[in-house]
Amino acid sequence: MAYPFQLGLQDATSPIMEELLHFHDHTLMIVFLISSLVLYIITLMLTTKLTHTSTMDAQEVETVWTILPAIILVLIALPSLRILYMMDEINNPSLTVKTMGHQWYWSYEYTDYEDLNFDSYMIPTQELKPGELRLLEVDNRVVLPMEMTIRMLISSEDVLHSWAVPSLGLKTDAIPGRLNQTTLMAMRPGLYYGQCSEICGSNHSFMPIVLEMVPLSYFETWSALMV
């Protein structure tokens, strides 16, 4: 989860988020190099006493500043497309969970079980226990097995919502009448927090998401008690 005054992204918990962090660093380095070059050129222009009033054209320079940006764009686009295809790839998920957005709560249905579904509401501030997080705790957490591929089917009952968990690299729109899907895999156990990331009305800020990633044996025990 995020911490006060945090400058970087949240710690990666899934392979997709790790790839996104690498891509972020890759792109940031390119931006840093370009910015340094531009700043250097501006400094030279402001400090040099040389002028080129007789220069009418520079074909070589124009060629360079046409080809070089194209190469830079390719260097950014190729890893981006690779991650995009990775995010869309769904191979033999071990579990499927259907998520529906409502004003202003989430409902979950484990489609591999006959009667395992529940609603997840935010716990009001006045009901929080010591150590719990304001605006992020829910009455029913989504318990999922770690180190397994899980498919999330996401839609909405009313208006546009967006189901997002930053530490897993997830953000999928919940659109009425449309069923979107995404996959997740957590590499370690723990609680992972998210929120609705699409403005959906007056209580948009009160739609938290809490995933509890646990070992498979614990998940099987929990699901048996819930059914």
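Note: Cβ is positioned from N, Cα and C throughout, glycine not excepted.
Positions annotated as Cu cation A1 binding site by Swiss-Prot: His161, Cys196, Cys200, Met207. What Swiss-Prot records for Glu198 is Mg(2+) binding site, and it gives similarity to another entry as the kind of evidence. Annotated topological domain 'Mitochondrial intermembrane' per Swiss-Prot: 1-14, 88-227, in sequence order. The topological domain 'Mitochondrial matrix' annotation in Swiss-Prot covers 46-59. Annotation comment: Swiss-Prot describes 15-45, 60-87 as transmembrane segment.
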Cα-to-Cα gap, His161 (Cu cation A1 binding site) vs the residue listed as 'Mg(2+) binding site', nearest whole Å: 5
Distance from Met207 (Cu cation A1 binding site) back to Glu198 (Mg(2+) binding site), taken between C-alpha atoms, in Å: 10
Local Cβ density at Cys196 (Cu cation A1 binding site) - other Cβ atoms counted within 10 Å: 25
The topological domain 'Mitochondrial intermembrane' (1-14): DSSP-derived helix, strand, coil residue counts: 0 helix, 0 strand, 14 coil
Shell list (Cu cation A1; ref centroid = CB of His161, Cys196, Cys200, Met207; cutoff 8 A): Gly101, Gln103, Trp104, Trp106, Ser162, Ala174, Gln195, Ser197, Glu198, Gly201, His204
DSSP-derived class (H/G/I helix, E/B strand, else coil) of Met207 (Cu cation A1 binding site): coil
Which same-chain residues, if any, lie at least 6 apart from Met207 (Cu cation A1 binding site) yet have Cβ under 8 Å of it: Gly101, Trp104, Tyr105, Trp106, Met122, His161, Gln195, Cys196, Cys200
